[in-house]
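Engineer: Handing you this structure, nothing more for now.
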Amino acid sequence: MAQLSAQRRMKLMALQLLLWQSALWSGREAVPLVTVSALPPSLPLPRSFLLKSLEQVRKIQASGSVLLEQLCATYKLCHPEELVLLGHSLGIPKASLSGCSSQALQQTQCLSQLHSGLCLYQGLLQALAGISPALAPTLDLLQLDVANFATTIWQQMENLGVAPTVQPTQSAMPAFTSAFQRRAGGVLAISYLQGFLETARLALHHLA
């Protein structure tokens, strides 16, 4: 009888332990674990910002196309790919938008690269001053539109709290020593700007 009573006590203890573990596990399940994948993504950008940015992209691309057509018609500079080697020798830079690709789109990095790239092309357009009296009005308008777009991006970065405390300084621009270099450089710079803006347009659609 004593042996039977001891066995019952052991079974009762085992059952109590099992019930206690079950209750503890249920309590744990009630509070889900927070993993990196469960963290909320970047907040969506305001629709007003996206629409304004897309309109600015469209406007700049339209002015850029007009300038390229005029350079082609007036100076027979119609094939940017034929001027790439000259562009390397002149030191004409090309802005990167690696953070804005659809495969690796990162909101903060994309906005930062957009702003930096626009500042770069704004500087290149300034370096083209004197390219031609006939082209000057279109070039001035293009430069102003690029500057306005850069301001739009910067203001949105400030709204998100991701803008640097100081705006980045402009890098050194190429020095054109002849009219031909300035016009050929203009074809390359505007062609690079057009490609940059097309990537920006696609990225803005993804960010929407």
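Each residue, glycine too, has its Cβ placed from N, Cα and C.
Small disclaimer: the values here were computed from a predicted structure and weren't measured.
Pasting the feature list from TrEMBL:
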DISULFID  Cys72-Cys78  disulfide bond
DISULFID  Cys100-Cys110  disulfide bond
SIGNAL    1-30  signal peptide
Engineer: Please give me the CB contact count at 10 A for Cys110 (disulfide bond), counting all chains in the structure.
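Structural biologist: For Cys110 (disulfide bond), the count of other Cβ atoms within 10 Å is 23.
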Engineer: How big is the Cα-to-Cα gap, in Å, between Cys110 (disulfide bond) and Cys72 (disulfide bond)?
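Structural biologist: Approximately 33 Å lies between the Cα of Cys110 (disulfide bond) and that of Cys72 (disulfide bond).
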Engineer: Taking just the CA atoms, what is the gap between Cys72 (disulfide bond) and Cys100 (disulfide bond) in Å?
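Structural biologist: Approximately 31 Å lies between the Cα of Cys72 (disulfide bond) and that of Cys100 (disulfide bond).
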Engineer: Taking every protein chain shown into account, which of the disulfide-bonded residues Cys72, Cys78, Cys100 has the largest tally of Cβ atoms within 10 Å of its Cβ?
Structural biologist: Cys100
